[in-house]
Amino acid sequence: MTTQAQLHCLCLLTLYLTTGYGQEGKFSGPLKPMEFSIFEGQEPSQPIFQFKANPPAVTFKLTGETDGIFQIQSDGLLYHNKSLDRETRAVHRLQVSALDAQGNTVEGPVPVTIEVKDINDNRPVFLQQHYEGSVRQNSRPGSSIGTLTAHDMDEQDTINSVLEYRIVDQTPKVPQDGLFLVQEFSGILQLVVQSLRKWDTPQYNLTIEVSDRDFKTLCFVQINVIDINDQIPIFEKSDYGNLTFPEDTAVGSVILTIQATDADEPHTGSSKILYRITQGDSEGRLEIETDPQTNTGYVKLKKPLDFETVAIHNIVVQAENPEPLVPGVQYNASSSTTFRLTVTDVNEAPQFFQQVSEAKVSEAVAKGTKVGNMTAKDPEGLDVSYSLRGDKRGWLRIDPATGEIFSVALLDREAESLYRVQVVATEVGGSYLSSTAQFHLTLTDVNDNPPRLVKEYTGLFFCYPPKAPGSLIFEATDDDELTFRGRHFTFSLGSESLQKDWEVSKINGTHARLSTKHTGFEERVYNIPIRIGDGGRPPLERTVSLPGIILAVMFFRMKRDKGQHNAESAQASETKPLRN
């Protein structure tokens, strides 16, 4: 047996003894779909399987997810030349083809699947290197402090990824060691022996280990012992006396500074003080802000004061902690204080019930129609007089006593569809103070504009005698509001006598065509009346004149209806013939 053959047999024997690769105890066979399992981390140059070629196949080709690791020899021996890594790729999907001497595929490709089996080659890692937790000094044994979390990149739900936690060290060991416990598999950290006291030790440091079968990793946990809230806030004064402010005092102004103290640990939830008004401010006009460093309370105006609503406020303030008190301790009179706030009167301008009033009417309403109403009230009870400002078109008037608004002229939506004016309310007597509000009047459309042509048209002319009929396309519009269905005009000749020579045909809702019906026209200018209707409510129409010119440049002029909306005379105007 040759050396090469001996080496090949040795490779196959090694394969059988160490890996069990192949199917049905075979290490070689015909080209067909195969699946193999290989442990990651094995030495490279390991044979996997040898495919046998059937003539005319003489060599093999390997494709797919080789990652430069898998190769196949010309004799069909499939092997890997590098160690596999399951965490990089857990399954390699390859294809093997058999080729003839010219490189043509004669068999395959067939799928070959390589599953990479896991070994424990990854160290468990904590999500954080340092953790910080806290526990109240009156917490009972079994209280949860937090959860430690570690991760292992080895295959999940296998023995390689099972992690165990344990406490390696506790510092200090006061009043004893073993005050804390970490659940072996969940990582939950608990107080297990006794309630802690902050004055004994305010802080503990733990070293915690996580491990799998082969590797271990440490992290560090700082546990702070938090003071319990067993001291109530106490005011330095039980009564801050009488305060007097005018009702126009600016919102945000500080009207009083109050102070309470707390004997619990500074700068914790047990010693921080929140001030709350419990009586005397049902409308929420006051608020209290607390300085987080000094616990000083600043009583401020949140809403304007109002002498006419409440002139005297008897205020009660309660001082509380954001953290709950421990059982058996309650707030008492020492945590409350009072003061009296007297509001003085200031003459104020009338106040509108709403700053913007909106109304909607048809543009065709008759003069004298009521279109809206705006009212204001004087805080001191004085009478109020109303006037308009900004009525630039002179369309409206306002009743000075009632605030009712009326139309005094014909309204025109096409001139201004949303009409804005200011209403001025002035107190009668006193200081004659005034205030303003907005009145917006929306005008709805009526069909009050007859159709018209969008422009003057020129260009319909013929050399005499005409060689062929001609035409002119023209467009109509009007000034009324465009509806969702668009404009739909009707078009017709202004006189039946013209029908033998001319015709009008509608193209769409806005365009039509004027055409000659023959070529036997005299050499002169023809003015053709066209009747355009809009079909609105009420329907309006207008007659316009389009020119048809023989041997001349066409011009266009529109005859206005003067509001009669009747067809003009259909008789064509006579002029002298136009010559070359």
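All residue numbers here begin at 1 and follow the chain in the order shown.
Cβ atoms are placed via backbone N, Cα and C, with glycine included.
TrEMBL annotations: computationally assigned, not manually curated.
Keep in mind that this is a model prediction, so the values were computed, not measured.
The domain 'Cadherin' annotation in TrEMBL covers 58-126 (among others). Per-class residue totals from DSSP over the domain 'Cadherin' (58-126), listed helix then strand then coil: 0 helix, 37 strand, 32 coil.
Summarising the annotation, TrEMBL assigns domain 'Cadherin' to 127-235 (among others). Helix, strand and coil content of the domain 'Cadherin' (127-235), in residues and according to DSSP, is 3 helix, 50 strand, 56 coil.
Annotation comment: TrEMBL describes 237-352 (among others) as domain 'Cadherin'. Taking H, G and I as helix, E and B as strand and the rest as coil, DSSP gives the domain 'Cadherin' (237-352) the counts 3 helix, 53 strand, 60 coil.
The domain 'Cadherin' annotation in TrEMBL covers 353-453 (among others).
Under the heading signal peptide, TrEMBL lists 1-22.
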